[in-house]
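Q: Structure below; questions to follow.
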Amino acid sequence: MELPAVPQPWRYWLLLGAYGLFLLLGAAVFVGVEAPQEAGLQEALRGARAGFVRQHQGCLAEPGLERLLQRVLDADSYGVSALGNVSDDENWDFSSALFFAASVLTTTGYGHTVPLSDGGKVFCIFYTLLGLPATLLLATCLLQQLMGLLSHRPVRYLHTHWGISPDHAALGHAAAMGLSVLGLFILLPALCFWALENGWTFLESVYFCFISLSTIGLGDYVPGRGSPPSLRHLYKISITCYLLLGLLAMLLALETIYELREVHSLVRFFAPPQAPTSPSSEDDDQLEILSHDQLGLATICGATPSGSQADSKADGRVAPHDSPSG
């Protein structure tokens, strides 16, 4: 992929300016789309409150209503609803706590359930300090194994058996993997949420799946609140498993896309220039610097085949070629 010839000092300012414009564009669109909706909702809420006060003027004082509404809002910020039809939905039974732990360790953090006690807040801090590195390590090791099985091997098969060039095979495989993740972990689960969650539209279900698997976790839609009590625990455990598997599939697709030559060309375009190596000795000339391809997320737990070949070259040996296989 040919990129325009831009002087190196200007590339950082170009990237910074483009990102700033992207932020400004997003803010402008959100203001234009959401501000009228917010104004309409506020107006409707003020009208409903005024009508309620007029209807119960003889038996309800407005300061008492204010205190009640404040308590309701405070409880809702801790995940406790004042509505009668969901008041029996516990946030700290085992299945709900498991869902909370998974959302914390995957940095999704929906925000609808938070620790109430000081002890719970302290434990959450130390649990996260230990759990986040462990989650990153586990995800990295799993990605290393899955990248070889589901990404590198199919590309080699397309190249050796079908005669497709490695670049075109990698591009086609990345597109196929992205579409597979979209269908299996976003669209298909969205159909299930659309059928199981009362009041969710298909768009809202797709929105929830994407926001969850991208670890944004806004918390405006949380599944399981309207599920039958007999199936609530199984439903929440199933959602927890879906989030963990879906997050792994999303990372696998992103790592596959990251390894594309076009992506590396774009990264090298904005990357700072490398300092030239000094030919001080013959051994230094034989050392092969680890390429940027090997610095991806999937190579932290172990060396890739190209890394092994680099080590063999550094030792003065020639690594044998892998025989073409499917």
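Yeah, the Cβs are placed from backbone N, Cα and C, and that goes for glycine too.
Note that the coordinates shown come from a computational prediction; the quantities given were computed from them, not determined experimentally.
So TrEMBL lists these for the protein:
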- 12-33: transmembrane segment (TRANSMEM)
- Asn85: N-linked glycosylation site (CARBOHYD)
- 89-146: domain 'Potassium channel' (DOMAIN)
- 125-150: transmembrane segment (TRANSMEM)
- 171-196: transmembrane segment (TRANSMEM)
- 184-257: domain 'Potassium channel' (DOMAIN)
- 202-222: transmembrane segment (TRANSMEM)
- 234-254: transmembrane segment (TRANSMEM)
- 302-326: region 'Disordered' (REGION)
Q: Is the transmembrane segment (12-33) packed against any residues at least 6 beyond its ends, judged by a Cβ distance under 8 Å, and which are they?
A: 6, 270
Q: Could you count the residues of the domain 'Potassium channel' (89-146) that DSSP puts in helix, in strand and in coil?
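A: Helix, strand and coil residues of the domain 'Potassium channel' (89-146) number 41 helix, 0 strand, 17 coil.
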Q: Limited to the domain 'Potassium channel' (184-257), I'd like the whole-number average of pLDDT.
A: 90
Q: Counting by DSSP, what is the helix, strand and coil composition of the domain 'Potassium channel' (184-257)?
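A: Tallied per class, the domain 'Potassium channel' (184-257) gives 54 helix, 0 strand, 20 coil.
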